[in-house]
Amino acid sequence: MINDTIAAIITAYGKASVGIIRISGSDALEIGNKIYKGHKDLKRAENHTINYGKVYDNYTDKIIDEALFLVMLAPKSFTGEDVIEIQCHGGVVVVKKILELVLRNGARMADAGEFSKRAFLNGKLDLAQAEAIIEIIEAKTDKSLSLAVNQLEGNLSALIKKVRVDLLSLMAFIEADIDFPEEDIERLTIEQQLELLLGIEHEITNILKTAKGGKIIREGLNIVIIGKPNVGKSSLLNALVKENRAIVTDIPGTTRDIIEEYINLGGIPIKVIDTAGIRETEDIVEKLGVDKAKDLINRADLVLFVIDSERKISEEDKDIISLLQDKETIMLVNKVDLGVKDEFLKELKDLSQKPIIQISAKENIGLEDLEKNIIDLFFDGDIESNDQVLVSSTRHIDALERADDHLKGAINSIEAQLPGDFITIDVQGAFESLGKVTGETIEEDILDQIFSQFCIGK
Ligand code: GDP
Ligand code: ZN
């Protein structure tokens, strides 16, 4: 039932100078008014006004707090419904008490994401924009934030909507060819249809190309540092952390065998795992076991394999190198401040095709080179374009990939000179898949699942 009135505390739980309770729905004004004691009736307040008054407990006849009552009436509110927001003092008890009072007066406790869901259902936001709200809250770096804001502003949505309009008109033209083959009406030639589809397919492919980078900006990159004891793994981790202060700090760091740190590399949030918990005398594969070592490697987006330029390449090094055959890897020859022999580098090159960078974790040599290499590997060297449309969510990527398959199908049908019906099926399929991104064609249960990822009060 969409018309019942919901309420929740929308500020963080805990002591703060201000706490806010939001009420949304057709009874919001009525409920707000019952607990408002000001110089006039809240019902006579102008839309979009801030009204100072007392929060009045109409059950016990007591004043609970002084507060500001914000009146935002439909449709000009976040949810598109009548909304009252009560800004009171931010104590845990007072905020809870006011919420309870609101509930007792007829509102229902809002579910997680329910305000945003209503905003979506009332057409205030499309689905991609609503999802951007979670992303903004969870953004790990400036870059992740600007990606999310870009999505909230509707740049991805606008592109999808434009393409869907083109597909719809294409369907109309094809239908007309089928239904009125004789009549003298405006038509698109087969060549024009093909050109239109190729253009759209090109556009979708281009967005999909940003998926790898977009996902990394959003979710971060997992890097694992691997190498024998004493080669300088922890020194490298420390050097990277020192240079690239991370924003995220509230994540538990040390486990028994491995150490995790977060760094911010040119806006890319990166989790670096060091196997430094392993004692210097122990062998990583032996200590963790082959399975665990492989698991660690598998879960990484990138492995930094560190080797000591001072020592000979051992059998164990060779074992690790062969484990890394199919993995995105950078080989780091460390301690080059002590010198490195040409034969060493040559032997290493012969063992593996992976890029080799000479560094000194201790003397800060080669680290910029390493950082540049990491960015190049995942972004073709370019993560600057902030207003470019990037996709980052698995849900969007899936929908776009499905749309792309349909577009290719339609193109094939035209090229194979199949009848219009065959083309329409795929054009329709692409149209629907794209609608999933913005939420125009989406099933109720998927919608619920998306909004349930929000927290209460969003
Ligand atoms: P890990 O066991 O691989 O984590 O290696 P550590 O980072 O603990 O380093 C082992 C030893 O090598 C320490 O004494 C470091 O000071 C030293 N070390 C690490 N990196 C360098 C480097 O680039 N140059 C030199 N000369 N010594 C280094
Ligand atoms: Zn160590």
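Placed from the backbone N, Cα and C atoms, the Cβ positions cover glycine too.
Heads up, TrEMBL stuff is auto-annotated, nobody curated it.
In this structure, Lys124 ((6S)-5-formyl-5,6,7,8-tetrahydrofolate binding site) belongs to neither helix nor strand by DSSP; it is coil. Around the Cβ of Lys124 ((6S)-5-formyl-5,6,7,8-tetrahydrofolate binding site), the number of neighbouring Cβ atoms within 10 Å comes to 18. According to TrEMBL, the (6S)-5-formyl-5,6,7,8-tetrahydrofolate binding site annotation covers Arg22, Glu85, Lys124, Lys458.
Annotation comment: TrEMBL describes 230-235, 249-255, 274-277 as GTP binding site. Secondary structure at Asn230 (GTP binding site), as computed by DSSP, is coil.
Look at TrEMBL and you will find Asn230, Thr249, Ile251, Thr254 tagged as K(+) binding site. Using a 10 Å Cβ-Cβ cutoff, Asn230 (GTP binding site) registers 14 neighbours.
Look at TrEMBL and you will find Ser234, Thr255 tagged as Mg(2+) binding site. Within 10 Å of the C-beta atom of Ser234 (Mg(2+) binding site) sit 17 other C-beta atoms, taking all shown protein chains into account.
The feature domain 'TrmE-type G' is assigned by TrEMBL to 220-379. For the domain 'TrmE-type G' (220-379), the model's average pLDDT works out to 82.
With the fewest other C-beta atoms within 10 Å around its C-beta, Lys458 stands out among the binding-site residues Arg22, Lys233, Lys458. Highlighted here would be the binding-site residues (Glu85, Asn230, Lys458) whose C-beta falls below 6 Å from ligand 2, but none qualifies. The record gives Arg22, Glu85, Lys124, Lys458 for (6S)-5-formyl-5,6,7,8-tetrahydrofolate. Within 8 Å of the mean position of their Cβ atoms, the other Cβ atoms in that chain belong to Ile10, Ser24, Ser77, Phe78, Thr79, Val83, Phe115, Ser116, Ala119, Gly457. The two recorded residues Asn230 (GTP binding site) and Lys458 ((6S)-5-formyl-5,6,7,8-tetrahydrofolate binding site) have their Cα atoms spaced 49 Å from each other. Taken in sequence order, the binding-site residues Arg22, Glu85, Lys124, Lys458 that lie near ligand 1, meaning a CB under 6 Å from one of its atoms, form an empty set. Around the Cβ of Glu85 ((6S)-5-formyl-5,6,7,8-tetrahydrofolate binding site), the same chain contributes Ile10, Ile20, Ile21, Arg22, Ile23, Phe69, Leu70, Met72, each under 8 angstroms and 6 or more positions distant in sequence. Taking CA atoms as the reference points, Lys124 ((6S)-5-formyl-5,6,7,8-tetrahydrofolate binding site) and Lys233 (GTP binding site) are 50 Å apart.
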